[in-house]
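J.: I'd like to ask some things about the structure below.
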Amino acid sequence: MIEIKDLHKSYKMGSNSLHVLKGINFSVAEGELVSIMGSSGSGKSTLLNILGMLDEADEGSYTLDGVPIKNLNEKIAARYRNKFLGFIFQSFNLISYKTALDNVALPLYYQGVKRKERIEKAMAYLEKVGLANWAGHLPNELSGGQKQRVAIARALASDPKVLLADEPTGALDTKTSYEVMDLIQGINDEGRTILVVTHEHDIAQMTKRIVNLKDGLIIDDSRVNQVRALENV
Amino acid sequence: MFDLERWEEIFDTIGKNKLRTFLTGLSVASGIFILVVLLGIGEGMKNGISAEFEGDAANILYVWTGVTSKEYKGLNPGRRIQMKNEDYAFTAEKHKDELEYKSSVYRIWNGIVNYEKESGSYRVEGVLPDYQFLENSSMAAGRFINYKDHDNFEKVVVIGNKVKNDLFKSEDPIGEYIQLSGINFKVIGVFTDPGGEREETRVYLPLSTAQRVFNGSNNIGNLAFTLQKEENFEAALAASEKFSAELEQYLKERHSIAPDDDSAVTVNNSLENAKRFFDLMDMIKYFFWGVGICTIIAGIVGVSNIMLIIVKERTREIGVRKALGAQPLSIVTMVLHESIFVTAIAGFAGLIFSLALLEFVGPLIETNYIANPSIDFNVAITTVFILIFAGALAGFFPAWRAARIKPIVALRDE
């Protein structure tokens, strides 16, 4: 599903150049649930941004579902993001003046789906995350866990190949975190490929594979015995 | 355009910042308001000045003579030039195809007019029958002087409405006799003049009678002509300039006046005066457009500024949208749409308010140089297009900026 070869990325900081990714080789098969770990500054967010086509690598190749991701202009990147990827952010990033339902429907809007069909699909995904009764509520009327679940529904709405979650539980308490992880595990069980960036070990243990990043290099990549989130709730 | 979500979004952002949007809209509305009112006043000035020219036939040429100021052919400066009947006859004959109305005028100075116990001092002139049309006068009662009166040296007069009111009060003046310098003249008509009361304080008698009774021999004081109507203003102006040049040259030759002596003969071409006024009006109109456009620009800058702030505030949201697959174009149209909407609504409010003002207050304005300020449909349509263009312009830079926002940067924006 994801193939990365010899990925380099550096940022210019005035006259200094900060080498963040120093040759990452990494691949993810379909249906995997991978967590990317590392201390801050290890390059895990940069890696995720490149995977998410929010940022571009300086060197190296990136293939997503057989499509080489290179020389992207804004238009193509937007189309690929819409087609291939679903994002889940630490701070949810829901649009504050849209209802939960409209937030979920937004990726479908950008796919050019008709309004009626859009609303139906969005409603189905809200049901899937257990928030059908909250469809008409604005984000600020929802709890943190509910917001993240709306965000997950939104990420799923465009039926992406890969879900990218950047610290999805970073702004939640433990109990809510586990509930969200349970949801993510459930989605993975249905066969969807998911990448989770986190620095919490308990969260990482709930994935099937942990990739450890340090100073821009992968220092460890191992499969783990998945801990089901539900057991800890 | 008919995308429901887009409209929802626009109303939502406007709703969140009612006061800010209102104030911005106000600057655009006042810009359009000022432009339309200025243009209305410009139109009113044009109407007012046109009305001033209605006093006489608009294309009238009026000739008078004075004193020479230059030595010529051995003649000293300071000679008084006196036109004769032959001057008139020659010109009338030579240009008979071009002329519409023609008359010469012999003015009687010291025009004391008596009727029974009433008396007054008026402008008394011997004229030819065409003079009625040269002055644009119309008859309120009786008739004007005709060629028969002229040929027979009839002692008849036509008096202005004001003269009639002064001397006859409510009496019917037709057939009554008034005295000019003690000589009886029969009143045969009363005229009114669109030029107003000042032009109605005149008394006309046949030219021949005036010259004979008041020792004028064959002297005449003025010539007055109008030319045949032309297709348009430019053609009429060209014809009248040609005619007045020829006339001036003829008179100067005949009276031995230096060709460059401007004080001896004056041909007053009212079309040239009118042209000067209309040129001035055009200048004023362009100036008003300029001022109005500048005011609108100030409004646009305001809208543009607000849109920039909105884009800045929504940076994160735009980043999220891009992450979800929004194309740059859809971001651009989102911002443009809102900007055009705000500008258009505010602009229409200003337009309607100013049109209402012109409609209801305009007719009440009655000064010498402004009459019925109004604005025509085309100008209103033009301002509407200016508005839409302005809205697009105001939104362009913010939209461009929004489209360039990198999702990664936007998402980091806290």
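Quick reminder: no glycine exception, Cβ is built from N, Cα and C everywhere.
Feature list, courtesy of TrEMBL:
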type     : residues  : note
DOMAIN   : B:21-239  : domain 'MacB-like periplasmic core'
TRANSMEM : B:21-41   : transmembrane segment
TRANSMEM : B:286-311 : transmembrane segment
DOMAIN   : B:291-407 : domain 'ABC3 transporter permease C-terminal'
TRANSMEM : B:331-357 : transmembrane segment
TRANSMEM : B:377-397 : transmembrane segment
J.: Who are the chain neighbours of the transmembrane segment (B:331-357) in space, where the CB to CB distance is under 8 Å and they lie at least 6 residues beyond its ends?
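T.: Hits for the transmembrane segment (B:331-357): 6, 9-10, 13-14, 21, 24-33, 36-37, 40, 299-300, 303-304, 306-307, 310-311, 318, 321-322, 375, 380, 383-384, 387-388, 390-392, 394-396, 398-400, 402-403, 405.
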J.: Across the domain 'ABC3 transporter permease C-terminal' (B:291-407), what are the DSSP residue counts per state (helix, strand, coil)?
T.: 97 helix, 2 strand, 18 coil
J.: Residues of the same chain, at least six outside the transmembrane segment (B:286-311), with any C-beta under 8 angstroms of its C-beta?
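T.: Hits for the transmembrane segment (B:286-311): 13, 17, 20-21, 24, 27-32, 34-36, 38-39, 41-42, 318, 335, 338-339, 342-343, 346, 386, 390-391, 393-395, 397-399, 401-402, 405.
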J.: Kindly state the mean pLDDT of the domain 'MacB-like periplasmic core' (B:21-239) in the predicted structure.
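T.: Summing pLDDT over the domain 'MacB-like periplasmic core' (B:21-239) and dividing by its length gives 86.
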